């Protein structure tokens, strides 16, 4: 008998990393995200700023729009967003409006991350876990910029 | 002979207010925006969060996406964004990524505005003018919330 696969934070972050890999292959800064509701992925996305020629097309923005479409409501208070990189100010602001239940991110972004520049952006009830699969999440970004040099 | 109309900040903010009025009539929190390049409006938008059931559908977000589509480039460094209400954290972050040349806003938003919560969100080169047609911009929001009570 095959045991049912237990889907925990690492499993979902690995899915976000798969999205980041798709971004990498498309020449986009490799950031990926998934939104999970009741242990099920309801949205997957990756950065599309180059393809859409749109600075607002970050993985998280698309994930929020896609997840709310999927749920038919504006709020994500019962959802977890997994994203490979610490959200920027814009994305943290959007996450705040969405009243997200839980945010899990991988690599920190000291230059652009919201923790430094907009620490009050999230809804006060949103739980935050940082550093999930941090090394893998950091490595894919570093590899991308190395490949561009 | 009819004198050519001089289009200044008030003329463009009046156009943003027209957008806010459209939002009001649609039952949306009445915020409107226009993007101007070389004295020409290249994008008009208003808040659509209710209609799209999407917390990211603020007037400014759509104005940025629409303006960059119009210009065919990701950056708005030669543009002015007129918006009736002080941008929130999310929108200010997006304005930062767009490297907007100039931001002109009407009413201040002490509860949600970026000036308090993310003062470094904008690109350092972005010029900011606040309080443009402030009374009109504030009045339409106040009227909206009064009508909802």
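Every residue, even glycine, has its Cβ placed from backbone N, Cα and C.
Any TrEMBL annotation is an automated prediction that lacks curation.
As the structure is a computational prediction, the values presented were derived from the model and not from experiment.
Copied over from TrEMBL:
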- B:60: active site, proton donor (ACT_SITE)
- B:58, B:88, B:91: Zn(2+) binding site (BINDING)
- B:7-117: domain 'CMP/dCMP-type deaminase' (DOMAIN)
So which of the recorded positions B:60, B:88, B:91 end up next to chain A, with Cβ to Cβ under 8 Å? B:88, B:91
Residue B:60 (active site, proton donor): secondary structure state under DSSP, collapsed to three categories: helix
Residue B:60 (active site, proton donor), Cβ-centred 10 Å count of other Cβ atoms over all protein chains shown, is 28
Which residue, out of the binding-site residues B:88, B:91, shows the minimum number of other Cβ atoms inside 10 Å of its Cβ in this structure? B:88
Including all protein chains shown, what's the count of other C-beta atoms within 10 A of the C-beta of residue B:58 (Zn(2+) binding site)? 28
Compute the C-alpha separation of residue B:88 (Zn(2+) binding site) from the residue listed as 'active site, proton donor', stating it in Å without decimals. 9
For residue B:91 (Zn(2+) binding site), the three-state class that DSSP assigns: helix
